[in-house]
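The structure appears below as C-alpha cells.
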C-alpha cells in the first residue's frame, strides 16, 4: 500500500523551478569544500512529529487523519506507520531518520509487552532500512510521556521508575546498535523540578549521573561505537531542567567525570528558550569539546514555548554552519528535523512542503557559510584581535611564568598603560551579510 502515491519523488530542479514539490537549492551531489551537500548535511527526518503527532494541542484534539493512526491492532498500525515513514524518507531522498522507542512500537501494558513489541518492530525497521537504504542517525527512549514519569525518570523519587527507565534505555540502545545507529540521544524532558519545596537537588543530580554512568557502561559492554548525546533544554515540560544549556551540561559532565563519554545534541528552539542564539550554543559546544549533532527547527519569537517549526532563516543557519564547517563538520551527527507542520496543515503534501523548504534553507545556509570559511576574514580578524597573547609576554602569563604578585610588579615596573582597540563589530557583520547576500 502506498500512503503518498500522488506525490512524486522529490528531485533537484534548480532555483528557476516553480514546482513546490522539488528542491530549488538542495542538489545532494553538488560539491562544496570537498564534500557533497548530502555528505555535509546528513539530513534526518524524525518519527515523532512527522508520523506520531496527531495534530493536538493543549486546547484541542488532533486534526490529522492518518491511516496508521486509526483504531486497530497496535502492532499492525506500527507496521503501517513504518511503511509510511520509509515511503516518505525515500521520496524525500533523505539518508537518515530518528526515533523514540515508543514512536515505533506500542508500549503495551507492562515491561514484557513493551520489550516484545519493540523487538518485533526493530526487526521490521531493519527490513525497511535494508530495502530502502535509509539509515538510523540516532535512537532514543521516551522517558517523559507516560504518567509514571511525571516526576522524572532517572531523577524520580521512586527507584522502580528508575528501573523501568533503565529497561527502556537498555533496549533502545541495543536497538540503535543493532540498526546501525550512529548516535544515541538522552533527553531529560522531566529530569528537573516543578517546585523546590519537594525537591532534593543534590540527590536528583546524583541519581541522574548514576543513570548516565550505567548507560556509558552498557554502551561499551555491547560494543556500540556511536556517540552518546544529551539534548539540552532549559524548561518545558518541567519548570527547570538539569540539562539547561550546553554550558550547564558540560559542567554536569565534568562534575561526574563523564566529559569524555557524552556530547550534546543541540536543538535550535531549545537554545532560544534558554536565552541564547543557536549560534551561541553551537560555538560553545565546540569551545567545550562536546559538539555532537543538531536538531534543526525554530521557535516563534513571540511565543515563550517550544513550537518546533521548520527552520526558514538562512541568516541564522549560516552562522551555525560557519561554526560547524570551520571545526571540520559533522562526524557521527547530522541535521535532524525535530520540526512539525502546523496544526492546520492537514494535507499529506504539507509534510513534504515543510521538509522540502527546510532542506533548501539548509543548503543555502551551508553554501553561504562555505563562502565565509573559504576566505575566512572573520577568523583572520579574530586572530589579529588576540595576537598579543601569542607573543612571548602573553604565552608566559598562560604557561604559569608569572604569579599574581610578579605580574603586578612587572606591570608597575613597565608602566603598563594599555589603549583600547576597536572590536570592529560592524565590519564583521558586514562581512557576514556580504557572504549571505552577494550575487554569485
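Quick reminder: no glycine exception, Cβ is built from N, Cα and C everywhere.
As recorded in Swiss-Prot:
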ACT_SITE  100  active site
ACT_SITE  103  active site
BINDING   231, 267, 295, 338  Mg(2+) 1 binding site
BINDING   267, 270, 306, 308  Mg(2+) 2 binding site
Worksheet, complete the sentence: One should report the C-alpha separation between residue 308 (Mg(2+) 2 binding site) and residue 231 (Mg(2+) 1 binding site), rounded to whole angstrom, as 15
Worksheet entry | Cα-nearest neighbour of residue 103 (active site) within the listed binding-site residues, 231, 270, 295, 306, 338 | 338
Fill in: Secondary structure of residue 267 (Mg(2+) 1 binding site) (DSSP, helix/strand/coil)
strand
Response to the item:
Those same-chain residues, other than 267, 270, 306, 308, found with Cβ within 8 Å of the centroid of the Mg(2+) 2-site Cβ atoms are 233, 268, 269, 273, 295, 297, 299, 307, 338
Worksheet entry | Surrounding CB atoms that lie within 10 Å of the CB of residue 267 (Mg(2+) 1 binding site), all protein chains | 27
Worksheet item: If you draw a 10 Å sphere on the Cβ of residue 100 (active site), how many other Cβ atoms land inside?
Response: 22
Fill in: Number of Cβ atoms other than its own within 10 Å, given for residue 295 (Mg(2+) 1 binding site)
24
Practice prompt. Report the member of 103, 306, 308, 338 (the recorded positions) whose C-beta atom has the most other C-beta atoms within 10 angstroms.
Written response: 338
Worksheet entry | Cα distance (Å, whole number) from residue 270 (Mg(2+) 2 binding site) to residue 231 (Mg(2+) 1 binding site) | 9
Practice prompt. In whole Å, note down how far the CA of residue 100 (active site) lies from the CA of residue 267 (Mg(2+) 1 binding site).
Written response: 16
Worksheet item: Counting every protein chain present, what is the number of Cβ atoms, excluding its own, within 10 Å of the Cβ of residue 270 (Mg(2+) 2 binding site)?
Response: 30
Discussion item. Neighbours of the Mg(2+) 1 site 231, 267, 295, 338: Cβ within 8 Å of the Cβ centroid, same chain, sequence order.
Written reply: 187, 265, 266, 268, 269, 270, 294, 297, 336
